[in-house]
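What follows is a single structure, written as structure tokens, with notes after it.
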């Protein structure tokens, strides 16, 4: 829903959206490549506005569940920005004093059910991408009778776009570092079944004002979940950055790579590759796809950089580099930071992380996952449904193997079998929904204090403050884990050797690192997280920003 600070409007269905113009020239000039059909969900008929607004007056109309009042959790401070849908404020968490940005969206501005769905999906996608070091972190969402409030990480360093304007263009070294961040976000989105659809320099903010500050991707208001092979037709995005297949209403995630290629061109030259005095003139230039590498500063730019841009801006999309291939391009990885092997999808890294956990931790994660909100789980729910091809409610080995292949994995069969065994906590031979969610949801959701307290209380049935052998045996029976060595679990977690597990020992077990994915997509093993951190995800090092 618009910019991080401005709360601008960008509904995929709004008839007044500036992106939805007459693309007659596309059909006249490119009839073989343009299509008006789509597998994307149709908006269908609209309900009367008055009836729609009456429904929105409920404090659960958008999120679908009750939330605490925003001002019970945060104090709201100065205004940071304002746009068509609402206002962004500085807010301070009452319990910790930590500062965040709060985007308050006026429900009266949501004129259709499609607008409501856009807000709901934006929140779901932000939760789904949580933990990536270059994606702004959502802290929570709140709803009352008048507003939906999205509380997120505060980024005070300004827009990447402003940095481009200030400098005209970046050095190639700096541009390559920024490219790694931007395309790393694209790769992470695609591996999690998300298409961004509105990448642009304005949607990347600097965390702080320092020159070495990290970049954070914001604004997922136009982003959508996609399945491999799915085709979309709604024309969205920003004129300078939109891919030709989007104008032709027949596109997939490859469009994000085109958009990233446009950003790389701007980083190196200070001007967009497709420019005209009018919006339709811009679209015409996009469809022609002619690149200017003759004007300044291009004669001084390396051939490697120009090769990358050409390959990112190829049409048709099937000839374009994937996000992973961009990260492996020599211009991007000249300093050795870019990955030297295919990136496993982020979900795959989480499965590997899960496989290193003991059985008590796996049970605890299942307990926590069951209590996560719908918007936190929506993305993983879609991935589960995509893998569960026979809709049986459980993923078989063959379904897991095929699903991982479609999401970009090239694991050997033995490795997939290991992941299957790790996720199949009850040893039924399949992965049910609870097991899938527990194995793939990012740990920053699972390590929050309220979740840990609830999970500990689940095991500590008598409220004594300790998990005993009897209570652990009871929990194992509930989870169909009859073969678990109770004594071994107690011995592993019980740090003071009193034969039981207190809350501190339980938290230490839950926060102990196993395998994590770092900003450039590579896996590190045995990397512990600190007990005081709310977000166990690592940050991108200065060499990879």
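Cβ atoms here come from the backbone N, Cα and C positions, even for glycine.
Since the structure is predicted, the reported quantities are computational estimates derived from the model, not experimental observations.
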Matching residue for the Ca(2+) 1 site, where Swiss-Prot names 388, 390, 392 - out of 399, 402: 399
Given ranges 338-368, 431-461, 462-492, the stretch to which Swiss-Prot attaches the annotation region 'Autoinhibitory domain': 338-368
Annotated region 'Disordered' segment (source Swiss-Prot; candidates 34-58, 59-83): 34-58
Composition by DSSP (helix, strand, coil) of residues within the domain 'EF-hand 4' (486-516): 17 helix, 4 strand, 10 coil
Residue distribution over DSSP helix, strand and coil in the domain 'EF-hand 2' (411-446): 23 helix, 2 strand, 11 coil
Cα separation, residue 399 (Ca(2+) 1 binding site) to residue 424 (Ca(2+) 2 binding site) (Å, whole number): 14
Output field, Ca(2+) 3 shell: CB within 8 Å of site CB centroid, site 460, 462, 464, 466, 471 dropped: 459, 461, 463, 465, 467, 468, 500
Local Cβ density at residue 426 (Ca(2+) 2 binding site) - other Cβ atoms counted within 10 Å: 18
